[in-house]
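Have a look at the structure below before the remarks.
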């Protein structure tokens, strides 16, 4: 939060939203000074380009929240400038937030490789379900504000965006629960994932579609992502720890595609009609947005991580992973002095090179060798 907020102040906002061309901004709004092109040096008045209904500084702060949540927004916003000119629709960040960050997460996972004890056949239990539920609730409420606020006004578009966001989240969560029930077990963490999938799926369309389509999009997103996760576990054994690509990247793809089907000018005059309303070209624009965003985000992420990976290295040793990065990097532990948790459904995982056959559920860290000793054993 600190790093992104500071860079947003110095150049991030200016690079994303400052005067420039269809691909890049500029540094004219650096340090949030707007003297070059606006009639309000300190951003206290609306800006005809970015925020016609609210002060430019309010807009900058609002977008900073997106940037803090999704660092890939910086690269995604560059893509968004071009796609907007092309005519692609993305109301609140389906491409520039979810697809871009999900793609970046996938590339990072592939470059880093698997964790020392990764086993695609045995998923890790949730570390703290009460916190998962609490976080999902906070996210759900906050997301309604994010999507509604993307209208930049208190108007009908904001109202429908908020309604669509809430509806899609509820529908996706319910469908996920029903699929889980058909499989034999209803998972709380799975229900939370379904809600997030619904939120991410409807985000690009929130201000352009009827609520009925929002419900349908939530259902579609939930079914597709659930199926993708099953496919990934069985055939695609990359280690995306928290399923960032699955829940955000895939949802962004589904939502951006469906926007090209269901969007209506009758809902938002600043949007377009989709394929269901006599404009199939809009669907192709949305597909182009998906391809360009994914390609650009993958290339930029690889360009940042690969030089680091092949020079000083960015992956921790197996010994550090076993002891826990809270301990090795920060000298702290979630479980207090003397104990640390290593949740696993496979207590005798043979990948535990330091203590083969020892449960990784809760280990007395006093009995665990130091990183240097562990490395020698490994």
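Just so it is clear, glycine is given a Cβ too, placed from its N, Cα and C backbone atoms.
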Matching 247-266, 267-286, 287-306 to TrEMBL annotations, transmembrane segment lands on 287-306
Here TrEMBL annotates transmembrane segment, and of 25-46, 91-112 the range meant is 91-112
Annotated range (TrEMBL: transmembrane segment) out of 212-229, 320-337:
212-229
How does the model score the domain 'Ammonium transporter AmtB-like' (81-333) in terms of mean pLDDT?
91
